[in-house]
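Residues or ranges marked as compositional bias 'Basic and acidic residues' in Swiss-Prot: 52-64. The region 'Disordered' annotation in Swiss-Prot covers 40-117. Swiss-Prot lists 116-158 with the feature repeat 'WD 1'. Per Swiss-Prot, the feature repeat 'WD 2' maps to 260-301. Here Swiss-Prot flags 306-346 as repeat 'WD 3'.
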Amino acid sequence: MSILRSPYQCLKQCGNYLVAARGSSIDTFDIKNGSYLSTWKSPVPESMSRSKTTEEETQTKNEDQNSETATPEFILESSAPPAKRRKLSITKESGENTGVVQQSKKKTKNSSPKILEPSPITALTITRDLQHVIAVTGEDKTIRVLAWEDTVEKGLRQISDRTMPKRPCALAITDDCNTIISADKFGDVYSLPLIPSPLVPSATENASVQKQAPKMFQPSASALTVHSARNLKALEAQKKQSNKVSEKTGPDFEHKLLLGHVSMLTDILVATLSGRQYILTADRDEHIRISRGIPQAHIIENFCLGHIEYVSRLCIPPTRPEILISGGGDDDLYTWNWLNGSLLSKTNLKSQVEALDTEKQSAQEAESKKIAVTGVYHARDEVSNQDIIIATSEGVPAAFIYFLTASNQLTHTQTLALPGNALSCTFSNPDLSSPFSLIISINNIHEPSSITTLKDANSSVANPLQFFKYENEKFVSVQQDGFAPQDSEGILDDQQKNNLCGLLYNVGNLRKMEDEE
């Protein structure tokens, strides 16, 4: 049985290098010959370690307090007069049993401590100058900026990490490569510098913090109205707890709120048209919003309205900057003139998915499969001057190839069947002397067309990266040597295999239930 590693959930081409994220690690390869270069590993967040330690200490203290209390009392309200203390009779036998149970609970909890693991990578992007890789580790809500090492191995090193107020779900980089634009699932879009600078709070900010200092808490009860020793202790603890000064929990780095949606954001793009910059955002409420670029991002230029279900992916072909292609939970791919907000065409994607599944599934199963677009990608064939659009859907072992015609229609030309569900796509550098290549990462852990059923342990395991070269206006599968990590990270056990669903398949969860509509 071969060793199984976590599949690659994100792929990006960075010049002559392939940047591939699997779990909480990023592998880098030479895209020309497939040679392995290095692996960057996400660190275990310190905040998670501290919170876990504090939680365990608190739990231990509570257990100790509960075990010490053998004669429970009724805690009196401060306004009530003293009442008789009623002691509950506890037999010797029952007391011994209780102690045994409590001791066994402690042993059980202490015998299986939770192991802290680094947060998986949920988003990945590259700056236009190819100098930096920006990754989002979702569990700790951190944006990490990585730079290339000036060594032969061309490894990545982290130069900054910034924890956002909410979990980022999509990233974009401005054309000057100086600003990161981050969208989170609570509908907010922030800008922050690519390379952070020390942020010194101003005197005005310090004054405002002093003005917001909380007043001292004065409980209505006092030592004159509380008589029992236990209630006096509770009163003192209440005073100490209530008089604690609340600490500032906001980010301590330079950042700015640009705009906000009232719904969960799903994707973001930065576009430039006629010398003016725009920010395009998509959300769960079927909206595509066109806003002006920084510093006027609060001004809404237009909306692209027409989707019935959520919008999950946006794509603007660099060769056709006025055109937007969007997809999500609808059966169709939409083509827009995004600045005018006008819908140019719709192309059915579900029919292609159903045609693929006909051989493997019954008609009822194929009909019940809903579209959840996970990727819309663009490539340019310089030989035929064709704009190529590639679309993938969640839980579908295929990639669907379209031509974007001069009349702004998407024409289906090919379906690439894959040995596993498609996860991410990227291209090698197009070279006029040789055809460019398409690289697709697949899920080789689950059965094709399924997001829950694991493959049999004795079944053959496909390569997590599939390669295709473009010849005569068609993609042809090719065998590519290399592209194999050499570290020991990412090897999966049975429990980790079951936990992959949440990382690899999260677009379909955006679909609203009947009671949400």
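Note: Cβ is positioned from N, Cα and C throughout, glycine not excepted.
Using DSSP to sort the residues of the repeat 'WD 3' (306-346) gives these counts of helix, strand and coil: 0 helix, 22 strand, 19 coil. Per DSSP, the secondary structure of the repeat 'WD 1' (116-158) breaks down as 0 helix, 22 strand, 21 coil.
In the repeat 'WD 2' (260-301), helix, strand and coil residues by DSSP number 0 helix, 25 strand, 17 coil. Per-residue pLDDT, averaged over the repeat 'WD 1' (116-158), rounds to 91.
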